[in-house]
Every structure is written in structure tokens, then in C-alpha cells.
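Right, one structure below, let's go through it.
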Amino acid sequence: MAKLFLLLVLVSALCSAVYSSELRRVILKKRPVDEDTLKAAKLRLKDRTLVRGQNGQLFAGHEVGLKNYLDAQYYGEIGIGTPPQKFTVVFDTGSSNLWVPSAKCRLSVSCYLHPKFKPSKSSTYKEDGKECNIQYGTGAVYGVLSQDKVTVGDMEVVEQPFMEAVKEPGVTFLLAKFDGILGLGFREIAVGDATPVWYNMVDQGLVSQPIFSFWLNRKAEEENGGELIFGGMDPSHYVEPHTYVPITRKGYWQFDMGDFLIDGESTGFCAKGCAAIADSGTSLMAGPTGIITAINQAIGATGVMNQQCKAMVTQYGDSMIEMLMQKMSPYKICSQIGMCLQRFSEEARIASVVDRKSHNVGDAGCSVCEMAVVWAENQLLNNQSAEWIKSYLNNMCEHLPNPNGESVVDCNSLSAMPDVTFTIGGKHFSLTPEQYILKVGEGKEAQCVSGFMGLDVPAGPLWILGDVFMGVYHTVFDFGKERVGFAKAA
């Protein structure tokens with residue numbers, strides 16, 4: 001996607017709830033990271049063990065093994081049809097549809113490198129035929145809807161809608177180790193009004209409690225890459241308690257987040273709150289470019305795209321500082337100097353990226369201007385002089401992320417880098433440099449990649465907390481109470 005990191009899917013699903021006393025566990029396995037693995041993503045089956053349900057009661061659960069082809073991407077095996085045709089899929093909380101390659105896919109090279117679903121080989125297959133496409137950050141997957149039995153571990157989800165992909169454009173799916181995607185988001189973003197697999201698991205009484213949880217093992221040397229548990233959580237994989245926050249908008253698992261800190265100091269961008277999404281289908285963490293630039297500056301990450309920023313500081317720096325001293329808002333300042341033309345409503349600013357297609361994305365110059373004004377505003381609060389602030393702004397411009405969002409750091413400088421901290425539910429969730437930097441490759445050829453990518457959406461400021469964050473914090477998706485919870489992973 002610019003790596004598979006940004007599965008910004010526009011998709012969804014809904015249904016009622018009946019519960020059994022069985023829990024479903026998914027075990028994740030790991031492989032070392034190389035450069036190609038940063039493009040890919042997410043299973044196998046086994047065993048029975050005890051896991052904890054929503055009310056703390058222990059249940060007999062069934063394990064389903066997952067593999068990790070990245071330090072940040074997790075995938076696993078499912079079956080579709082009778083008998084089951086096996087596919088590996090990303091278990092993605094950032095989308096809501098299930099799709100796998102179809103035997104009808106003949107024009108995409110990707111389909112020739114992955115197994116394809118053959119309707120004629122399944123006795124339970126039902127044709128739908130409705131055409132649809134699922135839009136991701138790197139392009140759309142096109143196909144037709146069908147219906148069949150889906151096997152996840154020892155669970156058999158009957159009459160499950162899924163898409164047979166007939167076109168997979170782009171290099172992402174060509175390089176991916178997974179075959180398809182199984183969305184675990186809400187029905188509201190499901191394409192083609194297809195009921196998501198998770199809704200049918202609950203409705204058909206296949207899980208004991210309407211929750212599922214992720215533990216992602218970040219120890220690359222260990223074979224077990226982690227677990228996805230349907231219907232509960234394993235107490236051995238987290239340190240009590242979980243901090244829960246309510247879902248603020250159904251679609252993605254979206255919630256409100258507080259201030260973001262670098263080395264214990266506020267960045268100013270989320271002091272009044274930001275929206276955030278817990279997304280198992282995103283490898284890194286994506287956030288407002290202004291914050292990402294501040295992080296890159298603090299950790300010495302390098303990128304490109306800084307000339308426009310520097311030119312603006314040279315031309316308008318004094319004017320911006322003067323207007324800030326008059327207590328003008330960042331957007332109004334940028335409108336005054338001609339960098340911004342229109343204003344999104346406050347309602348739009350806190351809305352989900354689900355709606356991003358209904359708004360025009362703001363001009364890049366406007367975004368850069370607003371970032372610079374907020375940087376300057378923070379320095380004014382520290383009583384810095386105008387000349388000092390302009391020098392600071394130029395330095396910040398040096399660290400804007402490059403166009404594909406990726407930034408690199410010196411692998412030998414991790415010990416000097418600051419911790420970064422998210423405020424969720426009034427509590428601090430910190431990441432150390434060793435946790436937010438991904439090492440790609442081995443030996444002298446190794447490269448260290450920042451776990452942060454810049455992403456600006458009209459409905460922001462918005463964070464996407466992907467596998468880098470979920471690997472440090474055990475994550476519970478509580479469907480019944482419409483909330484998401486985080487606890488330190490054990």
C-alpha cells in the first residue's frame with residue numbers, strides 16, 4: 001500500500017446475537033522481516049485451552065493458529081465451501097467484507113500466484129452474482145458476491161456472503177503472502193450489504209461472548225506470533241486491567257483519543273482530542289502529518305517534500321507569528337495568507353474516515369500551512385522569539401515525511417530517541433523506540449523504518465493504530481458493549 005499499512009477500506013455489516021459456551025482461539029506465528037514483507041500481511045488450526053470471557057468466567061476455547069510474515073502483519077487460514085477450499089486471509093478490523101480470489105479471475109497476475117475459489121467444487125455454494133468493488137488505500141478489488149460455508153478453526157459459519165475477486169490490480173496483492181481479507185469491522189462499512197463473518201458467528205451461536213481479542217507477539221525469534229480469540233481473551237497475554245473507551249462511530253472500531261506526547265511533552269495537535277481507529281489490518285501507525293513530522297524531527301527521521309514548507313516559512317513566517325499573537329486560529333491564519341480556501345465544519349473534523357469520499361481533500365499547501373502554524377503556536381507558548389520560531393519551523397520542514405509516507409532512521413541511534421505516548425481513556429499508553437521502529441533486513445543491509453506514517457483526512461485529526469501499537473497493547477474488541485479495550489501485553 002503505499003504498503004499494506006493503510007487498509008483504508010470503505011466497507012461494512014449487522015445482525016442479532018445468540019451465544020454458546022465455546023470460545024475460539026487463533027495462534028499467530030512469526031517470520032523475520034525483510035523488505036518485501038513490508039508489502040504483505042495474515043492462520044492454521046489446533047488445540048483447546050481455557051480463555052476468559054467478557055464476565056471473567058473461563059471457557060473451553062478452540063485454538064486457530066495464525067502466522068506472521070511481518071513484525072506487523074498477521075494472517076491465517078480459513079476454509080470456504082464443502083469440502084473446505086483453504087485460503088490465507090488478513091483478519092482485518094479496518095474492513096468488513098470477506099473476499100478471496102476467484103477461479104473467474106484471469107486478467108490479474110496476482111490471481112495466478114494464489115489459490116482460487118472454484119464454485120463447482122463446493123456442494124454448499126450458492127450464486128449471488130451482484131457485482132461490487134472494495135476500495136483500499138492502494139486500489140480497488142473487483143468481484144461478484146457469492147454465498148457458502150466458511151470454516152474458521154472448528155467453527156462452521158453457514159450461508160456466509162463473500163466476494164469472489166475477479167480483478168486484483170496493483171503490486172500489493174502480487175507480493176502479498178495472504179490470499180484475501182476477512183473483515184472484522186462493523187456492518188455499516190460492508191460493501192454490497194454483505195453480512196460480515198463476525199456477525200454470523202454471533203448470530204449462529206458459535207461464540208460464547210460477543211467479543212474478540214488480539215495478542216500479537218513482537219518477539220521475532222519466537223515461532224508463536226500471537227493469538228486471535230473469538231469469544232474471549234487469554235489472561236496470560238495481558239497485564240490487568242484493560243482501559244475501555246466507547247465506539248464513537250460504527251464502521252471502523254473508532255474512538256476518541258486525547259493528547260499525543262513526545263518525550264512527555266504535548267505536541268499540541270490532539271490537545272483538544274483526536275479520533276482514532278484500532279486496525280489490525282494496518283501494519284504501522286498513521287497520524288496527522290503535523291504530528292508525524294514532529295516525531296520525525298525528534299527521532300532524526302528523514303524524508304522529502306520539504307521545499308514547499310520552507311518557502312512558505314520564508315514568505316509568511318513573520319505574518320503567521322504576528323497573527324498567532326492576535327489569537328487567530330491556524331485555519332483562519334492560513335486563509336488570510338491565501339493558503340487555504342475553505343473550512344470543513346467541526347462536525348466533519350470529528351467524523352470517521354468512512355465519510356472521506358464525501359469531502360474534497362484539502363490542498364496540500366493548506367495542510368502544510370496549518371501544520372506550521374500549530375508548530376509555531378506551541379513555541380510561542382514556550383515564550384520563544386520570532387527568529388527562533390522561524391528557525392525551528394525550517395528545521396521541522398526538513399523532517400516532513402516523503403510522498404509515500406515512509407521515513408527511515410539510523411539503526412544505531414535508537415537509544416537516543418524519545419518515547420511517544422497516546423492518551424486513551426485518560427491513561428497514557430507509551431511506546432519506546434524499540435517498539436515503534438521496525439528493522440528491515442539483517443546485518444549491514446538492515447534499515448530501520450519509522451513506525452509512523454503521515455495521513456491527513458478532512459474528517460480528522462485521525463490516528464490509525466495498527467499492529468505496531470496492538471503488538472505492545474493487547475486489544476479487546478467488545479462488540480456487545482460497543483467499546484474497545486487496551487492493556488499492556490504480557
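The backbone N, Cα and C atoms fix where each Cβ goes, and this holds for glycine too.
TrEMBL entries are annotated by machine, without manual review.
Looking at the candidates Cys397, Cys448, TrEMBL gives Cys448 as the cysteine bonded to Cys411 by a disulfide. Break the domain 'Saposin B-type' (362-403) down by DSSP state and the numbers are 30 helix, 0 strand, 12 coil. Taking Cβ-Cβ distances under 8 Å and a sequence separation of 6 or more, the neighbours of Cys111 (disulfide bond) in its chain are Pro101, Ser102, Cys105, Ala165, Glu168. The average pLDDT for the domain 'Saposin B-type' (304-344) in the predicted structure is 80. For Cys411 (disulfide bond), the count of additional Cβ atoms within 10 Å of its Cβ stands at 14 [all protein chains shown].
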